[in-house]
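Below you'll find the structure, written out as structure tokens, and then a few comments.
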Amino acid sequence: MKAVLLVVAALFLAGSQARHFWQQDDPKTSWDVVKEFANKYVDAVKESGKGYVEQLDASSLGQQLNLRLSDNWDTLSTILTKLQADFGLATQEFWDTLEKETEWLKQIVSEDLQDVKHKVQPYLENFQKKVQEEVEHYREKVRPLGIELRDGARQKLQELQEKLTPLGEDLRDRTREHVDVLRTQLAPFSEEMRQRLAKRLEELKDSATLADYHAKASEHLKMLGEKAKPALEDLRQGLLPVLENLKASILSSIDQASKQLAAQ
């Protein structure tokens, strides 16, 4: 299972080659994608949390208990931002180490992908050429019908539609044939790529790299937890005033309710 995870990690880190197989633009790095997602998530939590706090303060229950949660929200938001920054630095260090440790596997998989791409390219180009020929052939058949429509106006619209229908069906059927041919041609290469990945996985299982990586990954995860502790403690300390205020408000309301019942 650890070997599978390592291969998946390498493939993810090699995503700049695999996901952008046919693109020329420089893709985002793996860490940039993770960091962007995390930042958006934390920002969304802070914004939605602030809205919920304001709604709770404005509610009849909030006013009755005198919660005043909004007074502490800015402090909590600051602590959460600090937690986000501290955790991000520790996570980036772990991610950079993971990328460095799997560079060799990423390079091998990238070479395999490029090799298969080189073999598949002629079939893709031939498929594109065939489809373009079919479309051009269809245009040649349709062109005189368009001229006929302009000359015959509305009364021939139905007749034109009847003539176009079989032409469109013919184009669809011929394109399907080319797709089936392409699928048959590419099937061996798909199997070849599967076998190559299986071979890399077996090589990885038999190497000492996996055990070494597991030890390093465990060490970095432990370091990540240690670095996150101070920020989590700050968050806990920031929550204490809110919880104490909430507790005091609830106890005060219970005490008032008890006095009212006793007075009756």
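Glycine is treated like the rest: Cβ placed from N, Cα and C.
Listed in Swiss-Prot:
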{"type": "MOD_RES", "residues": "MET193", "note": "methionine sulfoxide"}
{"type": "REGION", "residues": "67-264", "note": "region '10 X approximate tandem repeats'"}
{"type": "REPEAT", "residues": "67-88", "note": "repeat '1'"}
{"type": "REPEAT", "residues": "89-110", "note": "repeat '2'"}
{"type": "REPEAT", "residues": "111-121", "note": "repeat '3'"}
{"type": "REPEAT", "residues": "122-143", "note": "repeat '4'"}
{"type": "REPEAT", "residues": "144-165", "note": "repeat '5'"}
{"type": "REPEAT", "residues": "166-187", "note": "repeat '6'"}
{"type": "REPEAT", "residues": "188-207", "note": "repeat '7'"}
{"type": "REPEAT", "residues": "208-229", "note": "repeat '8'"}
{"type": "REPEAT", "residues": "230-240", "note": "repeat '9'"}
{"type": "REPEAT", "residues": "241-264", "note": "repeat '10'"}
{"type": "SIGNAL", "residues": "1-18", "note": "signal peptide"}
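Distant neighbours of the repeat '4' (122-143): 164, 167-168, 170-171, 174-175, 178-179, 181-182, 185-186; these residues of the same chain sit at least 6 beyond its ends, with a Cβ under 8 Å from one of its Cβ atoms. Within the same chain, residues at least six positions away from MET193 (methionine sulfoxide) with a Cβ under 8 Å of its Cβ are ASP112, LEU113, VAL116.
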